[in-house]
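Database features, via TrEMBL:
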DOMAIN    A:34-43  domain 'Uroporphyrinogen decarboxylase (URO-D)'
BINDING   A:39, A:40, A:41, A:42, A:43, A:88, A:163, A:218, A:332  substrate binding site
SITE      A:88  site 'Transition state stabilizer'
DOMAIN    A:151-167  domain 'Uroporphyrinogen decarboxylase (URO-D)'
């Protein structure tokens, strides 16, 4: 497909079956490997850049028609098995009364660093304060082909706390960790509040039609396993317990969390999202029997020629034993510098090779 | 000790024994746990900041008397068991003919991205081009008490390549990985050249008096195990084979390398340096029997009150079984925001608790 061509119209619903993505999340035997891509609606797409020419990032997040449009763009282009709501993890932070700017990462002029500041944070009603997100979810359920599952999402409490306390991304998050180590009571109070807010928010997305939810813990990898266990784990565990709904898989994604796998496995999440810093075959023995995994191609592999993209994807698929649930994804969000053709190569290959590996294994059996 | 007091003079040599640090690197039974701290000569020390008021970072690196002075500063203050040469990992890059600035991280105006640019890189003679470093090593061997071992160091080929190709630190190192995936022959040629240069440089440091060497692979954690194995491992392995000298322990440190432990273990390094993102007890079963480890306190723990610093250090020490070689260190360089008192607390505690654990284990036996 040419970069400047008009995107084709949405494929017609091919069937009314349970989407492949959801069946894979539940660990069921499937005909091939489903694939979606973190940040699949984004700047690497020319049609996304055209929308962004006229509106800033926050307006895009806040306007359901526009957010719906950009969410659908990669679905029109590629044969993806899931669609993820276009939004930003800082939406609930704004709803809590904290002013957030983007440059391009989140910037908070008045970081939340004291017991008083934490106490002053609200617990917003999602319908009143984040209705634009819920409207986008409703739009998408109407617009998406039934074979494409809709994923809702939120930032994990620790990742949101990281931005709120630090004021933005940072090399070592000294302010965040100072609060954590110097005033653990205040830190836990912040995490507890964020867990409630994120829980309310994810439940509202499910109510509006999200068929799965993913919690992004982008910064959890800043912590030693001991500190994750003390400062993060209990909050994620109670959040997941509260949000888990029948038939709605819960995906927990972490970045740089190779040391935290055993703990993430115990949170109650159905699917563990892995970055590319360890092989799936290294991760599986450290997870519960039958735990479904998602991942884990290095996003930079999409800069490579097609044969290398295919080799690297094949290597990942070969690490999945028969009966092991797997959703293909990148190990982190797609880069804005990615050629569109590389995504086409990847999606086609994963579906074809996933199908071939399954049929050759079936033939052996 | 007060932040503004004058540093005390160097302790008199207490003995002429083999330094504790070197014995621990060799996996020998020792009386307590040795400790040193990555970036221990640095901006958290008021006496370092006084030196830096008058000279810029590069001048400091290039002037043996000044580099010697700042290397000795933490040795005067704390009861550290090893001293690491004050220098910068980019020194050999400059010697190869690449212009490097600091802002504060390394910045290269003309990144090395083509086969021609890689071919044009020199293989400098360390004595002619980096004599100031070798002079600093000689000074330090004269000045240091014999109980304090002197560590030489270099940046690992991949970490230096990362800066050279990218032009500086980056979020996703897109240029570096593009070269790696699109022109693996050129990438390997760069790694091979860097391995030779780094090897020459470390051998010259050993010749000048370094008693151990550490290779810093700060960016190795950018790679999947598969890519590390293909693009980095063979170069590090041949570098270590060439540099290893009788009685001079080789330490390989990586950051975010929890997925690479099995490979790092096979490089031939004597000691594996660990960051804090996994517990030592998670790492040990993945390393060869008897492999000595170094690490791994989160540098941010030094922002905490003394009781928490002690608790966290105790947790690490308790993970070391009798007979397991261990050098205490942070999991990454010390932060400039660290209070000096926190370092005093840590060093004293590690020595006392290391001694206590050993004697209580001996009493049990």
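Note: Cβ is positioned from N, Cα and C throughout, glycine not excepted.
Residues 36, 82-85, 87, 89-90, 92-93, 98, 106-109, 111-113, 137, 173-176, 179, 187, 190-191, 194-195, 198, 201-202, 205-206, 208, 210-220, 222-223, 231-232, 235-236, 239, 251-252 of the same chain sit 6 or more residues outside the domain 'Uroporphyrinogen decarboxylase (URO-D)' (A:151-167) yet have a Cβ under 8 Å from a Cβ within it. In this structure, the C-alpha atom of residue A:88 (site 'Transition state stabilizer') lies 14 angstrom from that of residue A:43 (substrate binding site). The DSSP breakdown of the domain 'Uroporphyrinogen decarboxylase (URO-D)' (A:34-43), given as helix, strand and coil counts, is 0 helix, 1 strand, 9 coil. Summarising the substrate site geometry, the residues cited as binding it (A:39, A:40, A:41, A:42, A:43, A:88, A:163, A:218, A:332) extend over a maximum Cα to Cα distance of 23 Å. Note on residue A:43 (substrate binding site): other Cβ atoms within 10 Å of its Cβ, all shown chains, come to 15. Confidence annotation: the domain 'Uroporphyrinogen decarboxylase (URO-D)' (A:151-167) carries a mean pLDDT of 97 in the model. Cβ-based neighbour count (10 Å, all protein chains) for residue A:163 (substrate binding site) stands at 27.
Around residue A:41 (substrate binding site), the same-chain residues six or more apart in sequence whose CB sits under 8 Å from its CB are A:48, A:70, A:71, A:73, A:74, A:84, A:86, listed in sequence order.
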